[in-house]
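Participant: Handing you a structure now.
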Amino acid sequence: NWANESSPKEFILLGFSDRAWLQMPLFVVLLISYTITIFGNVSIMMVCILDPKLRTPMYFFLTNLSILDLCYTTTTVPHMLVNIGYNKKTISYAGCVAQLIIFLALGATECLLLAVMSFDRYVAVCRPLHYVVIMNYWFCLRMAAFSWFTGFSNSVLQSSLTLNMPRCGHQEVDHFFCEVPALLKLSCADTKPIEAELFFFSALILLIPVTLILISYGFIAQAVLKIRSAEGRRKAFGTCGSHMIVVSLFYGTAIYMYLQPPSSTSKDWGKMVSLFYGIITPMLNPLIYSLRNKDMKEAFKRVMPRIFFCKK
């Protein structure tokens, strides 16, 4: 029972409340980052949907990533802005549960989706003649559905383990939002067995996809080096390079946060890392994919005038 007898009606999110001078700069950074995230990801979604030339598996998965990043930040940032702006640090128990489940689900889904995107790039570079057959519409749909379903299943499992820990009335969460490591620190029981179980599930969701990504890019690097055309190598490195930057930013911070015991994480450093993969990375993703991708830049030039100026 998630709402057990030791569950308070609300939690207090401490954030950086002990550093009053940080509140306004943090509010400004969050507001700017969230605005850029919304504009960037909505723009990518619209361009990928409206431009016929981008109706390919790569941009289908990129649309999924943009939807995911948009929901990912919306789960936490608006509430953080309200808390900082009105100096209100509380969140209801139900709100905390919803935030924990959705944030964890979307994070896990992104782990799997990035692995699927790396497989798409592997087939495009290493098996170009079979690309259309392998990456057919139904296969792409199944892979995307598998990522979303597995991400939410993992979240329900990890959230139930975390929320069932007795908290003995503790309600001060030393974080900006409800996240597994921060909530585990509220427990008044031995958390080591639960930490071991959570570590196992986190390792599956993080390490298996990142291993598959590294293997895929090992084969891609070999194939690209064999391309005689400089233009061909440049295009391959351009599209794959964007994906690798996103992978490095997301996995590096997520692995740091989830693959070590919560007790060993510096509380302030942990908060900064969470802000990075929860807010900064979703903001950077559309910038990375649009600025480093020639096809995407050309699509923006074709589609944006139609959207903003009603040009055909």
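Placed from the backbone N, Cα and C atoms, the Cβ positions cover glycine too.
Unlike curated records, TrEMBL annotations are generated automatically.
Marked as transmembrane segment by TrEMBL: 20-47, 59-79, 91-117, 129-149, 199-225, 237-259, 271-291. Taken from TrEMBL, the feature domain 'G-protein coupled receptors family 1 profile' applies to 40-289.
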Participant: Do any residues of this chain, six or more beyond the ends of the transmembrane segment (271-291), have a C-beta under 8 angstroms from a C-beta of it, and if so which?
Facilitator: 15-16, 30, 33-34, 36-37, 40-41, 43-44, 62, 65-66, 69-70, 72-73, 76-77, 103, 107, 175-177, 179, 242, 245-246, 249-250, 253-254, 256-257, 297, 300
Participant: What parts of the chain pack near the transmembrane segment (91-117), using Cβ distances under 8 Å and only residues at least 6 beyond its ends?
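Facilitator: Residues packing against the transmembrane segment (91-117) from afar: 2-3, 7-11, 13, 58, 61-62, 64-65, 68-69, 71-72, 75-76, 79, 83, 143-144, 146-148, 150-152, 154-156, 158-159, 162-163, 173, 177-180, 183, 205-206, 208-210, 212-213, 243, 246-247, 250-251, 254, 277-278.
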Participant: Using a Cβ-Cβ cut-off of under 8 Å, list the residues of the same chain that are 6+ residues beyond the ends of the transmembrane segment (129-149) and lie near it.
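Facilitator: Same-chain contacts beyond the ends: 57, 60-61, 64, 109, 112-113, 116, 119-120, 123.
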Participant: Any idea what the model's mean pLDDT is for the domain 'G-protein coupled receptors family 1 profile' (40-289)?
Facilitator: 85
